[in-house]
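Notes for the one structure printed next.
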Amino acid sequence: MYLITVFGNLLIILAVSSDSHLHTPMYFFLSNLSFVDICFTSTTIPKMLWNIQTQNKVITYEGCITQVYFFTLFVGLDDFLLMVMAYDRFVAICHPLHYKVIMSAQLCGLLVLVSWVINVLHSFLQTLMVLSLSFSREVIIPHYFCELKQLVQLACSDTFLNDMVMYFATVLLGGAPLAGILYSYSRIVSTICEISSAQGKYKAFSTCASHLSVVSLFYCMCLGVYLSSAATQSSHSSATALVMYTVVTPMLNPFIYSLRNKDIKTALK
Ligand SMILES: *[C@@H]1O[C@H](CO)[C@@H](O)[C@H](O)[C@H]1NC(C)=O
């Protein structure tokens, strides 16, 4: 599954960069998402496979902190890029005549850059907060990778500040993209409803169907991870939910985009 994820997402990046028909904001963002997905799976899966292969489940403190940093970074980036893509669809459907002017190369670059800067700073902050905690010499992390929340719970020192920062970061950095996506889609739906011809409706909707599928998958998996960790105390089932989230979502994204999308199919051919 890891190989399929890397290969599928690489194909998307390759298709978008080599076919000039795909040099539009939507596909630039898509290839950014593919790049982030490759990095995202690469922070957890190779280490997990190595652990399984060698029957050795040890990770060093430095390795653990590094994993926390990159995992937080790429999850946040995934979320932000999905919001940027929703904004792109919103402009394309609600302001089609101004699309080329609004979604200029500068704005696209700026949106991607801002997403990176916010998430680099955020995961840097979270990692610094973890570094300030003290741990006993050996701790057992009931997971297959170092996850921020689990790690903080295992600290010996007071974690009040960490919990506060984590809480506000989740509300702000998780809530803002979700709000943006919901707003964009509410405007898209009301615009599509105003189109009189059924064919026009279908055409407008089909351009955002792939994105909508990816967004639904991302948030359903997030919700699944959240619910399963809240509902059961067993770390086994919440780990299962997390595997689904970290392996299956990035693997399915290229399929969703390439199977439903004529442009990508032609480019791949
Ligand atoms: C990401 O998006 C920017 C802005 O549209 C684009 O210039 C860049 O090539 C994209 N990166 C990748 C890896 O596709």
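Placed from the backbone N, Cα and C atoms, the Cβ positions cover glycine too.
For 8-257, the entry in TrEMBL reads domain 'G-protein coupled receptors family 1 profile'. Mean model confidence of the domain 'G-protein coupled receptors family 1 profile' (8-257) amounts to 89 (pLDDT, 0 to 100 scale).
The annotation signal peptide is assigned in TrEMBL to 1-18.
Annotation source TrEMBL lists transmembrane segment at 58-77 (among others).
What TrEMBL lists as transmembrane segment is 97-121 (among others).
The transmembrane segment feature in TrEMBL is assigned to 165-183 (among others).
Residues or ranges marked as transmembrane segment in TrEMBL: 204-227 (among others). Sequence-distant contacts of the transmembrane segment (204-227), counting only residues of its own chain at least 6 positions beyond either end whose CB sits under 8 Å from a CB of the stretch, comprise 26, 33, 78-79, 82, 85-86, 89, 92-93, 178, 181, 185, 188, 191-192, 195, 238, 241-242, 244-245, 248-249, 252-253, 256-257, 260-261.
Residues or ranges marked as transmembrane segment by TrEMBL: 239-259 (among others).
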What stretch in 58-77, 165-183, 239-259 has the biggest tally of Cβ pairs under 8 Å against the transmembrane segment (97-121)?
58-77
State the non-local partners of the transmembrane segment (165-183) in its own chain: residues 6+ outside its ends, Cβ under 8 Å from one of its Cβ atoms.
76, 79-80, 82-83, 86-87, 118-119, 122, 125-126, 129, 148-149, 152, 215, 219
